[in-house]
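Per TrEMBL, these features apply:
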type     : residues                                               : note
BINDING  : Gly47, Pro48, Gln49, Ser50, Ser51, Gly52, Lys53, Ser54 : GTP binding site
COMPBIAS : 783-798                                                : compositional bias 'Polar residues'
DOMAIN   : 37-252                                                 : domain 'GB1/RHD3-type G'
REGION   : 757-804                                                : region 'Disordered'
TOPO_DOM : 1-678                                                  : topological domain 'Cytoplasmic'
TOPO_DOM : 724-804                                                : topological domain 'Cytoplasmic'
Amino acid sequence: MDIEAECCSTHLIEGDGTFNAVGLDNFIKQVKLAECGLSYAVVAIMGPQSSGKSTLLNNLFYTNFREMDAYRGRSQTTKGIWIARCPAIEPCTIVMDLEGTDGRERGEDDTAFEKQSALFALAVSDIVLINMWCHDIGREQAANKPLLKTVFQVMLRLFSPRKTTLMFVIRDKTRTPLENLEPVLREDIQKIWDSVPKPEAHKHTPLSEFFNVQVVALSSYEEKEEQFKEQVADLRQKFFHSIAPGGLAGDRRGVVPASGFSFSAQQIWKVIKENKDLDLPAHKVMVATVRCEEIANEKYSSFVTNENWLELEEAVQSGYVSGFGKKLSSLLNKSLSSYDEEATYFEDSVRSAKRKQLEEKLLQLVQPAYQLMLEHIKSGTLENFKKALIDALNGGQGFAVAARDNTAKFTRLFEEQCEDAIIKQAKWDSSKIRDKFSRDLDSHILEVRTAKLSELNALYETKLKEGLYGPVEALLEGGSDDTWAAIRKLLHQVTEKAVSEFSFALSGFEMDEEEKEEMILKLKNYARGVVEGKTKEESAKVLYRMKERFTSIFNHDNDSMPRVWTGKEDIRAITKMARSSSLKLLSVLAAIRLDEENDTIGDTLVLALVDPKKATNNKTTLSDPLASSTWEEVPPTKTLITPVQCKSLWSQFQKETEYTITQAIASQEANKRNNNWLPPPWAIAAMVVLGFNEFMTLLRNPLWLLVIFVSYLLAKALWVQLDISGEFRNGALPGILSLSTKFIPTVTNLLRKLAEQGERPVNPTPQTIQGSTSGFSSTASSEVTNENEMEYTSPTSRSHNKDL
């Protein structure tokens, strides 16, 4: 490897005191100092101007600092502070070349920069090389004494003993052995230390607390170059593994991690320039604070833009993510571990505090995703629970068992998924979401239980209504003495069957007996309510039902055949029977009798409305029994039609049925008149007396009898054909008008038939004549029908045919 290529240098501090922060950052990136952690060392060199400091560094560390050109005269070569990396030395070693002291360019009194640069070098360096001439040792006013005083003074301003290695490099060593030079040098150093004013805290602090003093001697570079290089090569070996125990910087304290070197150097120089006391422990905390915060911010920003985190966050928005806790914990662990790696060398308290802050920020960032994940778990598990519960119930499993088993199953699943979502770095309490999940389960179970019980109740209410509504209506329409007994029996049978099935269905809910009995009682009351409701509905139509029953009984006989009012029926008895039956219907619907309690409603109605004479003759009855708004022995809640209302309904009923009775009487009278065709007896007697002469004339001339007989047949045929009795049934004028239109066609029809009979053979046998006459008679009589399509034959014609 090319050593010169590994060497990298930059101007750290300008001669005017300007700190080259950008150049230092570029230098640190170029030499990858930030990756070194604590495995690096900083070496600085001090000494008088033109004392060969740059030459020594270039030969010792293979750097490329600018050296003085001796042929051009002795002048200032290094201005400010330069920094470079020492190639081929482990660990990474950074060397700083400071501007020489006691230079004529700055003048005799301008020692401010010298003190500032010395303080800076002591604050940031682990090893400080003091470059001095051999002939200055032992002199009272040698150039090294002001430098050492400056070093000691500024060291005491660091506010803490920082063990720095002071390596005195004696240049141009003479024949005097190093063993003789070193004691003298150490004695001078001690005197200078003792003479330096110290703060109260360090009045008795020995030099060894601040410095590890070492002394080396080098031959002259110009006169003995080869020997100089050999000695420098030996000295170079001491800088290998300098930070290891026993090395040149083995007991260093308060070292700043490499990643904070740039910031630390800038802050130290800033404090020095402002002429403030440099408190290295506080500075170390400050550097650690700034750098750890920077590292934490970098890790936070890196986590925010991490693709794995973004994918995980997006996936959580859509729904449940398996292994969410492990994935997120791993991402957080990587971020925190990366922070630990970079901040591991900074102050423990600061590092831990910033790590905690980073952890809190990261957890605060991921907490919404975690909460959303818990919501997905809760909602998803709840939905699956709902489906499983419905499937179990549809499969015939009892509600209580299904609810209990599925609650245990999905609660366990919820706990497992919550455990899977736990983030190891977080100590979040998930009891709220667990409690909410438990409440949601209980709420849904209660909701389904209520709905199922409601459905079950509605189902059996429907069965009760179907089993009671129609039959009760039929029984009430039949209205008899045993109607309510039949209704009570029907109610008991239907209710007991429904209650038995309902009780069995309720057993799957495992409810307490009190609640079960309450629901059964409610169902029984519903059954009674159906009957009561239907009874109230029928009672509202009682007048219509009474008229319907009256009409049915009045117009039909015992065989349910329509009555024909021939005149033999007892209309009074039929009317009384029909009204009594209608009154029975009224008494049945007057009150609800679901309890087996006797009442006198029927008897009261009969006495008051059908047989009022009995009620009048009864001496115990002092007033109208229906002049009241209540029935005896019947509570108002069960009364549907009050006595007063019954009386009013009966009166209206009688008025509306009078027409039917009147019509029946009129029909009976009409039938009587139609069936009585003979004249009255007095008319017959008058006819015999007054028609005696005509009768005798007929006896003397029998042809008249034949003419009269034929005329009778023709008249009878016309009577039947024209249906004269039927035509006059609707009135005289309509009958006359109708007959006037039908008379001529009917006569024409008869004459045509007679003509047809005349066209037969002239000499018929007696049998033929007899058959012909008989045929005419039968033909004429067969064509005579009434409006009911019934055939009638005249008695006269029947006798005539018989005679023939």
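Each residue, glycine too, has its Cβ placed from N, Cα and C.
Any TrEMBL annotation is an automated prediction that lacks curation.
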Which listed residue (Ser50, Ser51, Ser54) has most other Cβ within 10 Å, given these are binding-site residues: Ser51
Among Gly47, Pro48, the one of these binding-site residues whose Cβ has the fewest neighbouring Cβ atoms within 10 Å: Pro48
Model confidence over the topological domain 'Cytoplasmic' (1-678) (mean pLDDT, whole number): 85
Local Cβ density at Lys53 (GTP binding site) - other Cβ atoms counted within 10 Å: 26
Cβ-Cβ neighbours of Gln49 (GTP binding site) (radius 10 Å): 20
Cβ packing number for Gly52 (GTP binding site), 10 Å threshold: 26
